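Here the structure is laid out as structure tokens; the discussion comes afterwards.
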Amino acid sequence: MDWNLIIDLCIGIGLSAAAGFRLLVPFLVLSMAALFGHFPVAPDLQWVDSFPALLTLGVAVLVEVIAYFVPWLDTLLDLVAFPASIIAGTLLTAAFSSGLDPFLRWSLAILAGGGAAGAMRGLSGFSRQLTTIFTGGLANFLITSLEILIAVVLSVLAIALPGAAIGFLLGLLGLLGRLWLRVRTGLLGQPVAESPAPAADAPPPPSPPV
């Protein structure tokens, strides 16, 4: 068993999941790790190992973050971010699994990397839709702040502690799944109160006095 390959896959999947929350954050963290942490980036991602790339990614992340703090605009951005995050997740996982057979490499990249990114983006978009429905978009900044935090934590863990990143991701999936079930039950599973039926043996009302 090639442990280096397993570690690389964990890195790729962790970064892919982070891309589901914020598309460009994992690339920015990867660029910072390559420049300042001497992290050996995959050959397909050598372009992030430069200060121009770091500056460009930093500005792009800032624009992305600000845009998501604008009510209603964040919901529109989700429509574009969903397919883009799947593509980014696929490319990130593929970049860190270059030692595999090409067919297996891209199959894993699409299923694991793209799937992780798509699942995170879908759950994120679902949460945003709920807050938009119930608060008119006024509470979306809370979802946005949480997404940024999770994207940064996942990206850092994927690079520093790949196994912990996968554990964090699984725990997050479990938590979000439970929250989704609670919301679904609350919206669809509440029993409808019925008015009590009159008792069969109840005596008739008294006649008015003559």
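Each residue's number is its place along the chain shown, starting with 1.
Even glycines carry a Cβ here, placed using N, Cα and C.
Quick look at what TrEMBL lists:
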DOMAIN    9-180  domain 'DUF4126'
TRANSMEM  12-39  transmembrane segment
TRANSMEM  51-70  transmembrane segment
TRANSMEM  77-97  transmembrane segment
TRANSMEM  103-123  transmembrane segment
TRANSMEM  130-153  transmembrane segment
TRANSMEM  159-181  transmembrane segment
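Between the transmembrane segment (51-70) and the transmembrane segment (12-39), three or more CB pairs separated by 6 or more residues in sequence fall under 8 Å, so the two stretches touch.
Mean model confidence for the domain 'DUF4126' (9-180) is a pLDDT of 88.
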